[in-house]
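S.K.: One structure follows; several queries about it will come next.
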Amino acid sequence: MGNLQLVIATLAAILLATATISATVVEGAVADIVTPDFFNSIRSQAPNSCAGKNFYTRDAFLQAANSYPNFGNRGSLAGSQREIAAFFAHVTHETGSMCYIEEINRATYCDTRQYPCAQGKQYYGRGPLQLTWNYNYAVCGQALNFNGVGDPDVVARDPVLAWRTALWFWMTNVRPVLPQGFGATIRAINGMECNGGNAPAVRARVSYYNSYCQRFGIQPEANTGC
């Protein structure tokens, strides 16, 4: 191959690679998948009286997602859509379609074997995935630079932080099991529901997941139940 042909072949390869990468980035971008219509279709199911109606916004979610560039990036558009479908299936179930900022049945959720609890503070569920227990608040606070033990209520005051805590929990505890199927994500979030522990809750989560996959025009992966 002559020098000119080699240069042309090299440039063609670079252009093809660049086009492929650009297509993947554009097609798989979280903002392109979580459109205003998709986000609002979930939030619109909540009554106007809900505390989360104006707290959970797409803008706050996207700001939080900027901190996690690997979220919603599974190497293909369908893979990215499945992850986002799974994430929002759990968010929908945990928050009642973005109605609840804080858990309804509140408790202290304090386990001092590894992490302390602040006097008068309760570590019940808050945010899109209902972050719960003092040890989760402690570790999440260290990761995101907020006082999770001393001021767990900040998760219910700051909408961007609320989404960041949900994404932190997802990326840390849930995303690693995604290859095992949606059922594994249920076990990672609330394993007590599995094996007959709360069959209606499992069915609800799976129903949301299937619905969002259908909305994206993709097939859900196998192993949806737990």
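Including glycine, each Cβ sits where the backbone N, Cα and C put it.
TrEMBL annotations: computationally assigned, not manually curated.
These numbers come from a predicted model, not from an experiment.
Okay, these came from TrEMBL:
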- GLU94: active site, proton donor (ACT_SITE)
- CYS50-CYS99: disulfide bond (DISULFID)
- CYS110-CYS117: disulfide bond (DISULFID)
- CYS194-CYS226: disulfide bond (DISULFID)
- 50-72: domain 'Glycoside hydrolase family 19 catalytic' (DOMAIN)
- 1-23: signal peptide (SIGNAL)
S.K.: For the domain 'Glycoside hydrolase family 19 catalytic' (50-72), what are the same-chain contacts with Cβ under 8 Å, counting residues 6+ beyond its ends?
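M.R.: For the domain 'Glycoside hydrolase family 19 catalytic' (50-72), the sequence-distant neighbours (Cβ-Cβ under 8 Å, at least 6 residues beyond its ends) are 28-31, 33-34, 36, 39-40, 43, 80, 83-84, 87, 95-96, 98-102, 128, 159-164, 166-168, 170-171, 175.
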S.K.: Could you give me three numbers for the domain 'Glycoside hydrolase family 19 catalytic' (50-72), the DSSP helix, strand and coil residue counts?
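M.R.: Residue counts for the domain 'Glycoside hydrolase family 19 catalytic' (50-72) by secondary structure: 8 helix, 0 strand, 15 coil.
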S.K.: Closest to CYS50 (disulfide bond): which of the recorded positions GLU94, CYS110, CYS117, CYS194, CYS226, going by Cα position?
M.R.: GLU94
S.K.: About how far apart, in whole Å, are the alpha carbons (Cα) of CYS99 (disulfide bond) and CYS110 (disulfide bond)?
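M.R.: About 25 Å separates the two Cα atoms.
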S.K.: Below 8 Å Cβ to Cβ and six or more residues apart, same chain only. Which residues does that give for the residue listed as 'active site, proton donor'?
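M.R.: The answer is TYR100, GLY125, PRO128, LEU129, GLN130, ILE189.
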S.K.: Under 8 Å between C-beta atoms and at least six apart in sequence, can you list the same-chain neighbours of CYS226 (disulfide bond), or say none if there are none?
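M.R.: Residues satisfying the criterion: GLY183, ALA184, ILE186, ARG187, GLY191, GLU193, CYS194, ASN195, VAL202.
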S.K.: At 10 angstroms around each C-beta, which of the disulfide-bonded residues CYS99, CYS110 has the fewest other C-beta atoms nearby?
M.R.: CYS110
S.K.: Which whole number is the mean pLDDT over the domain 'Glycoside hydrolase family 19 catalytic' (50-72)?
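M.R.: Taking every residue of the domain 'Glycoside hydrolase family 19 catalytic' (50-72) together, the mean pLDDT is 97.
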S.K.: If you draw a 10 Å sphere on the Cβ of CYS117 (disulfide bond), how many other Cβ atoms land inside?
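M.R.: If we count other Cβ atoms within 10 Å of CYS117 (disulfide bond), we arrive at 21.
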S.K.: Counting every protein chain present, what is the number of Cβ atoms, excluding its own, within 10 Å of the Cβ of CYS194 (disulfide bond)?
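M.R.: So the number of other Cβ atoms within 10 Å of CYS194 (disulfide bond) is 17.
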